[in-house]
Amino acid sequence: MNPLTLSLVLTTMMAGTLIVMTSSHWFMIWVGFEMNMLAIIPLLTKEHNPRSTEAATKYFLTQATASMLLMMAAITNLLYTGHWSIMKLINPTASIMMTMALTMKLGLSPFHFWVPEVTQGIPLMSGLILLTWQKLAPLSGLYMIMPLINTDILLIMSLMSIAIGGWGGLNQTQLRKIMAYSSIAHMGWMMAVLAYNPTMTLLNLYIYIPMTITTFMLLMINSTTTTTSLSQTWNKLPLITTLILITMLSLGGLPPLTGFLPKWAIIQEMTKNSSIIMPTLMTLLALLNLYFYTRITYTTSLTMFPTANNMKIKWQFKNPKQMMSLPLMIMISTLVPPLAPMMPILT
């Protein structure tokens, strides 16, 4: 892609997200979402092949439908209250429609079907942006209207998302789809605690994004997109493959890695608020995520047939500039739990 075009696309995408995060007017929020959606489509079709085109089309249709639903909710609320303000979401119909629109943009169940299909059809870098940066705008919208929406609907959707995120990844061999289902499950955890403690949702987001970035960066170094190719790179790049597997276990929530910290904090917060059944179900469903990540680790490293590697091992990375931040990201993705006593929100 032309560097000038790339810089314009990235700037527009960031501007759209910032407009959503800083606006209190429904029309400006809609404009921010539209800027965000139109800016990322060139990144999705960066590789000119039918699969990328299909993924971009699915993404566009889903996001356009969600934007239409968002505008319908805003207009319905305008007719009822006479205000465009985000804090005047009083009409119950408008509130439900707005929740549906934002969760569709976020990829929560039952509006999750586009996430694995789109992620599978695009390059790894575009998938990284889709599963990290593109979550910020709808999450900020839900964060702002949280006191005004039906929490029961959100809790049901979050529980469904955790279940779908676990079940969907069980029979997958494509790493991009596995990351997509993991993203759906993580969004479910964030939405579950949003009704109890929105700050805990931000903590979960701050941990989820570095873990996802680390995993995608390591996959890009390895040029790996399937579990089969991941197991074949063990002899060529054992260190990188080991780091991928450890980061994946962290994404699954295995203690004492970083991914366990937000799950433990969310369960603790919900238990403090006299909610017992919900965190119990969430914990049981989270075992599905941990199971398929553990299975990938087991089949990749412990059941590999011993083979002699006659090639010269090349330890240098493909792009040194891109990998300068990788050691820090790996530390954040694996070694944060010992710092938990220093976090006031957890004490």
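Keep in mind that glycine also has a Cβ here, set from the backbone N, Cα and C atoms.
As annotated by Swiss-Prot, transmembrane segment applies to 1-21, 25-45, 67-87, 111-131, 144-164, 178-198, 201-221, 237-257, 274-294, 326-346.
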Problem set entry | Among the ranges 67-87, 201-221, 274-294, the one whose Cβ pairs under 8 Å to the transmembrane segment (111-131) are most numerous | 201-221
For this session: Sort out the residues at least 6 away from either end of the transmembrane segment (237-257), same chain, that have Cβ-Cβ distances under 8 Å to it, and list them.
Result: 182, 186, 211-212, 214-215, 218-219, 221-222, 224, 230, 263-264, 286, 289-294, 296-297, 300-301, 313, 330, 333-334, 337
Exercise. With pairs closer than 6 in sequence left out, are the transmembrane segment (25-45) and the transmembrane segment (144-164) joined by 3 or more CB pairs under 8 Å?
Worked result: no
